[in-house]
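Trainee: Could you have a look at this structure, given as structure tokens, before my questions?
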Amino acid sequence: MFEKIKKDILGKSYELSIALVAEKKSREINKKYRKKDKATNVLSFAFSKNSGELVLCPAVIRHEAKNLDRPYRKWLGFLVIHGMLHLKGMKHSSTMERAEKKYEQKYFSGNRRGILHDEDRGGRIFKRRKKS
């Protein structure tokens, strides 16, 4: 599935690696490259115009999916799309949100039930599930 998404967003010749890391490693990488001392869901690293890497933290993604009341697979898919759009050069904006929605609907046929952008990055905060 991710190969199709990669070809659609980044192109057939793009060399993409996807790394899955524990929370501790995610926090270390996020602190080193973004100066944020916390684990995060996805980090995107462009190495060149035609190569890059996504670093995903399944533990953080599972926690967020639960808080958003979304299936893990769909939230993971959304974050892969989000990361690939960053590799393509997109910044957080309404244009990026439209692209996220387009690809999410195409590959995961569902509406987003919340958006996860860190407050400190100028985006919206994810909507939390209501507690009963």
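Each Cβ is built from the backbone N, Cα and C atoms, and glycine gets one as well.
According to TrEMBL, the protein has these features:
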| type | residues | note |
| --- | --- | --- |
| BINDING | H82, H86, H92 | Zn(2+) binding site |
Trainee: Can you count the other CB atoms that lie within 10 A of the CB of H86 (Zn(2+) binding site)?
Mentor: 19
Trainee: Let me know how many other Cβ atoms fall within 10 Å of the Cβ of H92 (Zn(2+) binding site).
Mentor: 17
Trainee: Let me check the 10 A CB neighbour count of H82 (Zn(2+) binding site). How many other CB atoms are there?
Mentor: 24
Trainee: Reduced to three states, what secondary structure does DSSP give H92 (Zn(2+) binding site)?
Mentor: coil
